[in-house]
Amino acid sequence: MEYHMEYSPNEVIKQEREVFVGKEKSGSKFKRKRSIFIVLTVSICFMFALMLFYFTRNENNKTLFTNSLSNNINDDYIINSLLKSESGKKFIVSKLEELISSYDKEKKMRTTGAEENNMNMNGIDDKDNKSVSFVNKKNGNLKVNNNNQVSYSNLFDTKFLMDNLETVNLFYIFLKENNKKYETSEEMQKRFIIFSENYRKIELHNKKTNSLYKRGMNKFGDLSPEEFRSKYLNLKTHGPFKTLSPPVSYEANYEDVIKKYKPADAKLDRIAYDWRLHGGVTPVKDQALCGSCWAFSSVGSVESQYAIRKKALFLFSEQELVDCSVKNNGCYGGYITNAFDDMIDLGGLCSQDDYPYVSNLPETCNLKRCNERYTIKSYVSIPDDKFKEALRYLGPISISIAASDDFAFYRGGFYDGECGAAPNHAVILVGYGMKDIYNEDTGRMEKFYYYIIKNSWGSDWGEGGYINLETDENGYKKTCSIGTEAYVPLLE
């Protein structure tokens, strides 16, 4: 390569110009320059793309966690993907902080010296709780025990969010899926601790190899055991003096009733019968935040009678009984028999459309809204040793059950957990079955008989709203005291 300087001898030299004269290797040099140019071009394009992403990410973030059916976004997949990177984790933390902070925006900050929140809950160590207001001090006060049990927390602290991201992430999804709203940030943190403890218990149970059922998180996740029992397990029963109480005018005799509906030559199949497979069960409903299990159990069994005897699907009003049953206590509990008595005295049930369910919202009894009434003539008490017979030939049975707070997170299988001390919940017995299962103690397959029970906690609870409880071939075994009170309504 030769290097030349060009200038005019008659002029003052102002600028030198460089001229490259290519020799034999000029082609390779040109290729090298072109490669450098391409690299620079790609780099510039990449930087431009990064800038474009930076200025548009806020807009994208707004729709990232939407729950719209139109955009088909899978929240679990997105969040799990984000958890794989540090930047993704930080993004989730920022969204959680935005969510938590929003609870304080509509409420004025408490002044210095406001009443301190001591959070008197299980798992909180009073000596570690320095009585720091969650509103006035949004730092520190976050600990997690070695067994992942949250003792106390501060959802405003980024370090806590990062250290407990999995649980906080699950809580965030729980809030979204169940549309949970809390009035204050203190309430939210209280619910987070309860949620964390419930989640821990669920995980510990599902690791067991000797249990026949599984648990799963659901809408009850932010309720303490005491709160769950007070809201959902408040059925009233006649107790041990049931047989000493005066006979109810609408109660029929079992032997007379079974003779009417059971064919003389019938042979009872004690292995399996499921009214869900024979058009005798209506859809699962949800009593929501109201202790109205007694109404759902009694109304559900009446719906089954209309389905079996009239061959038609009717959905009747539980809210009518909650509002108008003078012998029961609305959302604060009731008796199955009183529900049937008042059902008859009121002239029948309204349709669900005419008298819709509003849960725990206050309502005044208003029977004028009913366009048509659907009544029963009487009801019959089922003897302890006749459950399978009555179920097969009469239909689903309104029964009491001694449930415990372990029922709250039942997901599926054969429930073999703890039971309540006494009957406290009303459900519907809709069938029975048998399955061969492996017994680890004996090392062989054994026949396992069970009852199929319809609950009133929504179809997202249990096995589509149902739970399976152990019995025996004759149906005499009553797990969790099922059927201490058992009745079938009669249309004729």
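Keep in mind that glycine also has a Cβ here, set from the backbone N, Cα and C atoms.
Feature motif 'Bipartite vacuolar targeting signal 2', per Swiss-Prot, maps to range 84-105 of the set 84-105, 194-215, 348-369.
When Swiss-Prot is compared with the stretches 16-25, 56-65, 416-425, 466-475, the one noted as motif 'Bipartite vacuolar targeting signal 1' is 16-25. Note: Swiss-Prot links C290 through a disulfide bond to C331 (candidates: C293, C324, C331). Around C293 (active site), the same-chain residues six or more apart in sequence whose CB sits under 8 Å from its CB are Y232, N234, L235, Q287, H425, A426, V427, S456, listed in sequence order. Between the candidate disulfide-bonded residues, C331, C480, the densest Cβ environment within 10 Å is the one around C480. Other Cβ atoms within 10 Å of the Cβ of C290 (disulfide bond), summed over all protein chains shown, number 23.
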